[in-house]
Amino acid sequence: MGKLELLQTLTGHAGRVWSAAWHPGGKLFASCGEDKTIRVWNKSDTDRWVAQTVLTDGHTRTIRELAWSCCGHYLASASFDTTVAVWDKKSGEFECNATLEGHDNEVKSVTWSRSGNLLATCSRDKSVWIWEIHHAPDQEDEYECVAVLNGHTQDVKKVCWHPQEDLLASASYDNTIRMYRQDLADSEWEMLEPLESHSSTVWSISFDATGQRLASCSEDTTVKVWQQYGPDNALGIPCPDRGTIWKCVCTLSGYHSRSVYDIDWCKQTGLLATACGDDTVRIFREASDSDRNEPTFELVVTVEAHSQDANKVAWHPTVPGLLLTASDDGEIKLWQYVDAD
């Protein structure tokens with residue numbers, strides 16, 4: 001077993017906090033919510049996290065999610081006002097230097113590819129958009145929509161890039177997860193076979209450090225782990241057209257009493273954190289004798305982290321076990337996971 005030690009509680013947002021995202025360098029994080037603002041936090045001289053900057057002029061409605069580019073120079077925000085804003089500090093202060101328009105309804109999620117050349121967004125309009133970024137010295141960056149993907153039949157809740165390659169995953173109200181890859185022959189983005197196992201809305205998804213596995217969480221109160229298999233795999237799982245296929249290899253059920261809204265797979269420790277509608281954050285650890293093709297995970301921490309729905313969990317990119325959580329209660333909390341074994 002382990003425990004989560006509360007390090008600090010941060011307030012400042014008016015209303016629910018939907019999302020928080022660590023800067024890839026780990027020295028900053030940004031948060032957003034119902035109050036239409038973005039707060040950028042850093043550590044003070046007294047080693048406490050404080051709001052360094054409050055960005056108020058990017059959106060006219062709730063900001064649902066934030067994502068830093070892998071280089072750390074850009075911050076993207078997705079809003080219910082149907083737009084995505086891209087912020088940078090080229091001038092020394094955070095400024096909105098691009099507003100991406102095109103979705104017909106609330107934008108729910110935004111994510112940068114590992115290469116930094118692609119941005120993906122998804123919306124209540126059931127579509128996933130892929131944008132290509134064109135950087136030119138001494139000129140404004142240009143964002144070009146290179147694909148509109150309509151594989152889902154309902155509201156798309158989350159988009160997430162593979163950590164090593166330009167493979168995109170999306171999760172939806174239609175109970176499925178979709179994968180997308182660019183066809184190198186004609187540069188068109190193609191939809192792969194859907195991942196179907198959840199019986200209700202898939203709220204969030206997270207790849208592990210290798211990108212060989214994906215975790216998903218759902219309105220059906222379960223967490224599922226999916227494994228990627230390639231041609232000639234040892235189990236003999238057929239892979240059409242010599243491509244890869246994803247299979248559900250583990251279902252964690254009976255642990256959550258309400259919808260599971262977010263999940264994050266720690267790239268350092270392999271721990272899985274979940275944020276749930278029962279106000280609770282849970283941590284799962286893969287068993288030491290786990291079979292990769294039939295993995296088993298142990299619940300190692302359950303903590304009533306907030307007084308209302310927990311919306312977000314985010315592991316620190318470089319400090320093992322440091323966790324951010326955010327909630328409908330308007331608070332952001334920082335925790336340290338300690339392994340008691």
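Any Cβ shown, glycine's included, is placed from N, Cα and C.
The feature repeat 'WD 1' is assigned by Swiss-Prot to 12-51. The repeat 'WD 2' feature in Swiss-Prot is assigned to 58-97. Under the heading repeat 'WD 3', Swiss-Prot lists 102-141. Look at Swiss-Prot and you will find 151-190 tagged as repeat 'WD 4'. Feature annotation from Swiss-Prot assigns repeat 'WD 5' to 197-236. Swiss-Prot lists 255-294 with the feature repeat 'WD 6'. If you look up Swiss-Prot, you'll see 305-341 marked as repeat 'WD 7'.
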Q | Selected stretch (most C-beta pairs under 8 A with the repeat 'WD 5' (197-236)) from 58-97, 102-141, 151-190, 255-294, 305-341 | A | 255-294
Q. Would the repeat 'WD 2' (58-97) count as touching the repeat 'WD 1' (12-51), if touching means at least three Cβ pairs under 8 Å and pairs must be 6 or more apart in sequence?
A. yes
Q) Looking only at residues six or more beyond either end of the repeat 'WD 1' (12-51), which have a C-beta under 8 A from one in the stretch? A) 58-72, 75, 77, 79, 87, 94, 308-309, 311-312, 314-319, 324-332, 334
(Q) DSSP on the repeat 'WD 2' (58-97): how many residues come out helix, how many strand, how many coil? (A) 0 helix, 20 strand, 20 coil
Q: Kindly report the helix/strand/coil residue split of the repeat 'WD 7' (305-341) according to DSSP, in that order.
A: 0 helix, 20 strand, 17 coil
(Q) Across the repeat 'WD 3' (102-141), what are the DSSP residue counts per state (helix, strand, coil)? (A) 0 helix, 19 strand, 21 coil
Q.
DSSP on the repeat 'WD 5' (197-236): how many residues come out helix, how many strand, how many coil?
A. 0 helix, 19 strand, 21 coil
Q. Which bits of the chain, at least 6 residues beyond where the repeat 'WD 7' (305-341) starts or stops, bring a Cβ under 8 A of a Cβ in it?
A. 1-11, 13-26, 29, 31, 33, 41, 49, 261-269, 271, 273-277, 279-281, 283
